[in-house]
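Student: Right, I'll just put the structure down here and ask away after.
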Amino acid sequence: MKTLQASILVIHVICGFTALLSGLVPMIARKGGRLHNFWGLIYYWAMFGVFITTVGLFVLDPLSLKMQFFLPVAVGSFYQTFTGKRILLRKKSDTPPAQLDWAAMYGVSFFGLVTLAWSIQRFTVQQPYQGILFLFLTALCLANGGNDYKVFSGRVQPQRMHWFFTHLGRMLASYAATLTAFLVNVGPRFLPADMPSFVNLLLWIGPGVAVGFVISRLTKQYRKKMGLTAPTASATPA
(Lines of atoms letter the chains of each structure in order from A and count residues from 1; the text may use other names and numbers.)
(Lines give C-alpha, C1' and ligand atoms only; values in the text may rest on other atoms or scores of the structure.)
Protein backbone atom coordinates (compact mmCIF):
# COMPACT_ATOMS: atom_id res chain seq x y z
CA MET A 1 0.00 0.00 0.00
CA LYS A 2 2.79 2.44 0.92
CA THR A 3 4.62 1.65 -2.32
CA LEU A 4 1.48 2.36 -4.34
CA GLN A 5 0.87 5.57 -2.41
CA ALA A 6 4.47 6.70 -2.94
CA SER A 7 4.27 5.94 -6.67
CA ILE A 8 1.06 7.93 -7.08
CA LEU A 9 2.57 10.79 -5.08
CA VAL A 10 5.60 10.95 -7.41
CA ILE A 11 3.32 11.15 -10.45
CA HIS A 12 1.23 13.76 -8.65
CA VAL A 13 4.25 15.96 -7.94
CA ILE A 14 5.48 15.67 -11.54
CA CYS A 15 2.05 16.64 -12.87
CA GLY A 16 1.79 19.49 -10.37
CA PHE A 17 5.13 21.04 -11.32
CA THR A 18 4.35 20.54 -15.01
CA ALA A 19 1.08 22.42 -14.56
CA LEU A 20 2.76 25.15 -12.50
CA LEU A 21 5.38 25.81 -15.20
CA SER A 22 3.44 25.10 -18.40
CA GLY A 23 0.52 27.23 -17.25
CA LEU A 24 2.69 30.34 -17.42
CA VAL A 25 3.32 30.08 -21.17
CA PRO A 26 -0.29 30.54 -22.40
CA MET A 27 -0.55 33.62 -20.18
CA ILE A 28 2.26 35.44 -21.98
CA ALA A 29 2.07 33.86 -25.45
CA ARG A 30 -0.09 35.27 -28.23
CA LYS A 31 -3.68 34.20 -27.59
CA GLY A 32 -4.70 31.47 -30.02
CA GLY A 33 -1.14 31.11 -31.32
CA ARG A 34 0.85 27.91 -31.62
CA LEU A 35 2.67 28.34 -28.30
CA HIS A 36 -0.54 29.22 -26.50
CA ASN A 37 -2.36 26.17 -27.85
CA PHE A 38 0.51 23.70 -27.39
CA TRP A 39 1.40 24.64 -23.82
CA GLY A 40 -2.25 25.07 -22.98
CA LEU A 41 -2.79 21.44 -23.94
CA ILE A 42 0.19 20.38 -21.82
CA TYR A 43 -1.31 22.32 -18.92
CA TYR A 44 -4.71 20.68 -19.43
CA TRP A 45 -3.35 17.14 -19.27
CA ALA A 46 -1.06 18.00 -16.35
CA MET A 47 -4.13 19.23 -14.45
CA PHE A 48 -5.93 16.02 -15.38
CA GLY A 49 -2.99 14.10 -13.93
CA VAL A 50 -3.17 16.15 -10.73
CA PHE A 51 -6.90 15.44 -10.48
CA ILE A 52 -6.60 11.68 -11.03
CA THR A 53 -3.66 11.24 -8.66
CA THR A 54 -5.37 13.31 -5.96
CA VAL A 55 -8.42 11.07 -6.19
CA GLY A 56 -6.13 8.05 -5.95
CA LEU A 57 -4.34 9.40 -2.87
CA PHE A 58 -7.68 10.21 -1.23
CA VAL A 59 -9.01 6.70 -1.87
CA LEU A 60 -5.91 5.24 -0.21
CA ASP A 61 -6.26 7.52 2.83
CA PRO A 62 -9.82 8.93 2.99
CA LEU A 63 -9.59 9.90 6.67
CA SER A 64 -6.60 12.16 6.11
CA LEU A 65 -7.63 15.76 6.78
CA LYS A 66 -4.95 16.94 4.35
CA MET A 67 -6.42 14.84 1.54
CA GLN A 68 -9.92 16.03 2.43
CA PHE A 69 -8.66 19.56 1.79
CA PHE A 70 -6.78 18.76 -1.40
CA LEU A 71 -9.57 16.71 -2.97
CA PRO A 72 -12.01 19.64 -3.43
CA VAL A 73 -9.12 21.77 -4.69
CA ALA A 74 -8.37 19.12 -7.32
CA VAL A 75 -12.04 18.63 -8.23
CA GLY A 76 -12.80 22.35 -8.44
CA SER A 77 -9.63 23.28 -10.31
CA PHE A 78 -9.94 20.51 -12.88
CA TYR A 79 -13.58 21.42 -13.43
CA GLN A 80 -12.40 24.92 -14.25
CA THR A 81 -9.69 23.56 -16.54
CA PHE A 82 -12.15 21.15 -18.17
CA THR A 83 -14.86 23.75 -18.75
CA GLY A 84 -12.27 26.33 -19.80
CA LYS A 85 -11.29 23.99 -22.62
CA ARG A 86 -14.79 22.74 -23.41
CA ILE A 87 -16.14 26.28 -23.89
CA LEU A 88 -13.97 26.56 -27.01
CA LEU A 89 -16.28 23.98 -28.61
CA ARG A 90 -19.26 26.25 -27.95
CA LYS A 91 -18.06 29.55 -29.37
CA LYS A 92 -21.44 30.02 -30.99
CA SER A 93 -23.97 30.99 -28.34
CA ASP A 94 -26.59 28.64 -29.80
CA THR A 95 -24.35 25.55 -29.46
CA PRO A 96 -25.92 23.43 -26.69
CA PRO A 97 -23.82 21.78 -23.97
CA ALA A 98 -23.18 18.07 -24.45
CA GLN A 99 -24.18 15.37 -21.96
CA LEU A 100 -20.56 15.35 -20.77
CA ASP A 101 -20.86 19.03 -19.86
CA TRP A 102 -24.06 18.40 -17.91
CA ALA A 103 -22.52 15.41 -16.11
CA ALA A 104 -19.46 17.42 -15.08
CA MET A 105 -21.65 20.29 -13.87
CA TYR A 106 -23.80 18.00 -11.71
CA GLY A 107 -20.68 16.22 -10.48
CA VAL A 108 -18.91 19.34 -9.23
CA SER A 109 -22.15 20.61 -7.67
CA PHE A 110 -22.69 17.34 -5.80
CA PHE A 111 -19.12 17.42 -4.58
CA GLY A 112 -19.71 20.95 -3.34
CA LEU A 113 -22.39 19.52 -1.03
CA VAL A 114 -19.94 16.89 0.20
CA THR A 115 -17.43 19.63 1.01
CA LEU A 116 -20.17 21.56 2.80
CA ALA A 117 -20.77 18.53 5.02
CA TRP A 118 -17.06 18.43 5.85
CA SER A 119 -17.21 22.13 6.70
CA ILE A 120 -20.09 21.63 9.13
CA GLN A 121 -18.24 18.72 10.73
CA ARG A 122 -15.14 20.88 11.35
CA PHE A 123 -17.24 23.59 12.99
CA THR A 124 -18.87 21.02 15.28
CA VAL A 125 -15.46 19.89 16.58
CA GLN A 126 -14.36 23.47 17.30
CA GLN A 127 -12.07 23.87 14.28
CA PRO A 128 -13.36 27.17 12.83
CA TYR A 129 -10.42 27.92 10.53
CA GLN A 130 -10.71 24.50 8.93
CA GLY A 131 -14.46 24.99 8.66
CA ILE A 132 -13.95 28.35 6.93
CA LEU A 133 -11.52 26.79 4.47
CA PHE A 134 -13.99 24.03 3.63
CA LEU A 135 -16.66 26.71 3.12
CA PHE A 136 -14.34 28.48 0.68
CA LEU A 137 -13.85 25.23 -1.24
CA THR A 138 -17.60 24.62 -1.13
CA ALA A 139 -18.16 28.01 -2.74
CA LEU A 140 -15.63 27.14 -5.43
CA CYS A 141 -17.53 24.02 -6.47
CA LEU A 142 -21.11 25.25 -6.03
CA ALA A 143 -20.56 28.66 -7.65
CA ASN A 144 -19.00 27.20 -10.78
CA GLY A 145 -21.63 24.48 -11.01
CA GLY A 146 -24.42 27.00 -10.39
CA ASN A 147 -23.12 29.47 -12.97
CA ASP A 148 -22.92 26.77 -15.60
CA TYR A 149 -26.39 25.45 -14.77
CA LYS A 150 -27.85 28.91 -15.42
CA VAL A 151 -26.17 29.02 -18.83
CA PHE A 152 -26.88 25.38 -19.75
CA SER A 153 -30.56 25.67 -18.80
CA GLY A 154 -31.01 28.92 -20.71
CA ARG A 155 -31.73 31.02 -17.64
CA VAL A 156 -28.76 33.21 -18.56
CA GLN A 157 -28.13 33.99 -22.20
CA PRO A 158 -24.45 33.96 -23.23
CA GLN A 159 -23.24 37.38 -24.31
CA ARG A 160 -21.00 38.22 -27.24
CA MET A 161 -17.50 36.71 -26.84
CA HIS A 162 -18.76 34.70 -23.86
CA TRP A 163 -16.43 31.85 -24.77
CA PHE A 164 -13.36 34.11 -24.59
CA PHE A 165 -14.12 35.45 -21.13
CA THR A 166 -15.15 32.05 -19.79
CA HIS A 167 -11.95 30.49 -21.13
CA LEU A 168 -9.85 33.32 -19.68
CA GLY A 169 -11.50 33.22 -16.27
CA ARG A 170 -11.63 29.46 -15.87
CA MET A 171 -8.04 28.83 -16.92
CA LEU A 172 -6.63 31.57 -14.70
CA ALA A 173 -8.78 30.39 -11.80
CA SER A 174 -7.54 26.82 -12.21
CA TYR A 175 -3.96 28.09 -12.21
CA ALA A 176 -4.68 29.80 -8.89
CA ALA A 177 -5.44 26.36 -7.46
CA THR A 178 -2.11 25.06 -8.77
CA LEU A 179 -0.34 27.96 -7.13
CA THR A 180 -2.29 27.35 -3.92
CA ALA A 181 -1.24 23.70 -3.77
CA PHE A 182 2.39 24.73 -4.23
CA LEU A 183 2.25 27.38 -1.50
CA VAL A 184 0.50 25.24 1.13
CA ASN A 185 3.00 22.42 0.58
CA VAL A 186 6.18 24.50 0.39
CA GLY A 187 5.30 27.65 2.34
CA PRO A 188 5.00 26.12 5.85
CA ARG A 189 8.57 24.79 5.58
CA PHE A 190 9.85 28.36 5.69
CA LEU A 191 7.49 29.54 8.42
CA PRO A 192 7.71 29.09 12.22
CA ALA A 193 6.38 25.84 13.64
CA ASP A 194 3.99 27.74 15.90
CA MET A 195 2.50 29.64 12.98
CA PRO A 196 -1.05 30.90 13.75
CA SER A 197 -3.87 29.04 12.01
CA PHE A 198 -5.06 32.14 10.16
CA VAL A 199 -1.68 32.40 8.36
CA ASN A 200 -2.16 28.90 6.98
CA LEU A 201 -5.68 29.93 5.99
CA LEU A 202 -4.22 32.86 4.04
CA LEU A 203 -1.93 30.49 2.14
CA TRP A 204 -5.02 28.56 1.03
CA ILE A 205 -7.26 31.50 0.18
CA GLY A 206 -4.76 34.22 -0.79
CA PRO A 207 -3.88 33.00 -4.32
CA GLY A 208 -7.55 32.64 -5.25
CA VAL A 209 -8.36 36.15 -4.07
CA ALA A 210 -5.33 37.62 -5.86
CA VAL A 211 -6.04 35.82 -9.13
CA GLY A 212 -9.71 36.76 -8.83
CA PHE A 213 -8.62 40.40 -8.81
CA VAL A 214 -6.43 39.79 -11.89
CA ILE A 215 -9.34 38.11 -13.71
CA SER A 216 -11.58 41.07 -12.93
CA ARG A 217 -9.03 43.59 -14.20
CA LEU A 218 -8.26 41.63 -17.37
CA THR A 219 -11.95 41.12 -18.09
CA LYS A 220 -12.60 44.86 -17.81
CA GLN A 221 -9.63 45.66 -20.04
CA TYR A 222 -10.61 43.19 -22.75
CA ARG A 223 -14.26 44.23 -22.61
CA LYS A 224 -13.28 47.87 -23.04
CA LYS A 225 -10.96 46.95 -25.90
CA MET A 226 -13.74 44.97 -27.61
CA GLY A 227 -16.35 47.64 -26.98
CA LEU A 228 -18.48 45.39 -24.77
CA THR A 229 -20.52 46.68 -21.86
CA ALA A 230 -22.91 43.88 -20.82
CA PRO A 231 -21.71 41.40 -18.16
CA THR A 232 -20.53 37.98 -19.22
CA ALA A 233 -20.64 34.74 -17.20
CA SER A 234 -17.11 33.81 -16.22
CA ALA A 235 -15.59 31.89 -13.34
CA THR A 236 -15.22 31.71 -9.62
CA PRO A 237 -11.53 31.70 -8.73
CA ALA A 238 -9.96 28.92 -6.71
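Cβ atoms here come from the backbone N, Cα and C positions, even for glycine.
These figures come from a predicted structure and were not determined experimentally.
Dumping what TrEMBL says about this protein:
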{"type": "TRANSMEM", "residues": "6-29", "note": "transmembrane segment"}
{"type": "TRANSMEM", "residues": "41-59", "note": "transmembrane segment"}
{"type": "TRANSMEM", "residues": "65-82", "note": "transmembrane segment"}
{"type": "TRANSMEM", "residues": "103-120", "note": "transmembrane segment"}
{"type": "TRANSMEM", "residues": "132-152", "note": "transmembrane segment"}
{"type": "TRANSMEM", "residues": "172-191", "note": "transmembrane segment"}
{"type": "TRANSMEM", "residues": "197-216", "note": "transmembrane segment"}
Student: So are the transmembrane segment (172-191) and the transmembrane segment (132-152) touching or not, going by 3+ C-beta pairs under 8 A with a sequence gap of 6 or more?
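Tutor: The transmembrane segment (132-152) and the transmembrane segment (172-191): touching, no.
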Student: What residues in the same chain, six or more past the boundaries of the transmembrane segment (132-152), come closer than 8 Å to it by Cβ-Cβ distance?
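Tutor: Same-chain contacts beyond the ends: 69, 72-73, 75-76, 79-80, 83, 97, 101-102, 105-106, 108-109, 111-113, 115-116, 118-119, 122, 158, 201, 204-205, 208, 233-238.
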